[in-house]
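Per TrEMBL, the feature compositional bias 'Basic and acidic residues' maps to 298-315, 327-345. Annotation comment: TrEMBL describes 75-169 as domain 'Fibronectin type-III'. The domain 'BRCT' annotation in TrEMBL covers 163-251. Among the features that TrEMBL reports, region 'Disordered' is placed at 260-391.
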Amino acid sequence: MLVSLTVGKVDAGVTVLLTPDKRLIEFPSILLPPDISSGSIVDITVARNTTSEAAAERAFRTLQEEIYAAFGAASPQTPILRCRNATQTSVVLEWDPIQLATADLLSLALYRNGQKAGNIPKPLTMHSTKISGLAVDTEYTFHLVLRTTAGTYTSERVAVRTHKMTDLSGITITTGILPAATREALTLAVDRIGAKIVDGVRIDTTHFVTTEGRGIQWEKANELNIPVVRPEWVEACEKNGRILGVTKFYLDAMRFEMPSSTHETRSPPAPLQKELPPEPPKSARSEPEGSAAGTPLGKDENEARKEEAVDHDSGSESESGESEGAADERQKVRSSGQDEQKVLAEEGLGVRLKPTIMEADDDKDDSSAESLTSKDGKSPAGGGSFQDVAL
């Protein structure tokens, strides 16, 4: 199409062109010939370029498809939850890695029996979790809820029942440093009870069995608070047919009992001290002090002398003779702090009164002895002190 236009005004950037019907058209000056001035007539040909138009259309469609493939074709995937292991009081759950596509993660929460149990920490790197503190032989349902910028996705519900006390199939053991014979016996025992042994310490490891507290796996078990027990624990569970507590089978418990056993071996010499007679020397030392100070006799001595008087009245001559000898010995010990004249006087009275004590048939002497005992509150001359007798 050919169009003739008259140049009206020429500026640096825009030229005003006039149509035959006196219409104004602004046209870029750079597209006009260089020798154009006001009043010049120019012919402009206008045509549609279909080839370029088709190429531009194809480029636009390709760009749209690339954008859709990059941002619209993939969407976040629903989490797939499953049970990895179950014991009497715990459950280990695992799921596939989270697929977010181009969306951003908001949260990943675990629900138990329809109630939120908590958010999963580091959901992009953590693909398993352990729930403890469950009831024995009880069924629970778990599911995951994934929240992203592209929407919310809920996994299928997984029903899990905890084991009974007699079900030992949930025990997962990691072994540490063990002798060859002990390791072989442990493997056979684990197979018999239906448990399993894994190579390293994992999230589903329930017990760490070893005889020595060292090694990388032992340190990892302590960090994860996994019970470290001796091989005897597996044998005890097999013998009882049920899972047992690990308190008595801790590796540290065995080390704690060793000092107590050695202490028991050293304790037998203690009873020898009980056989020693420490009391008589102490009383013997204390009695002279009391007698030297002039203090009255104690209550225990008076009672002992009264008992000797009763035995003397029963008519046993042999017992009275022995009691007189014992009384003389005690009297000698008590009177060690006194002067020699008083000791000699007491011995003289003892010799004078001895024949009267031996004559059991003499009622007169017996009555005088009883009156002396009741008056002074002391035993007869054969078994008491003569400090109150006037010389």
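Keep in mind that glycine also has a Cβ here, set from the backbone N, Cα and C atoms.
Nobody curates TrEMBL annotations by hand; they come from automatic prediction.
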Summary of DSSP states over the domain 'BRCT' (163-251), given as helix, strand and coil counts: 35 helix, 13 strand, 41 coil
Segment confidence, the domain 'Fibronectin type-III' (75-169), expressed as mean pLDDT: 94
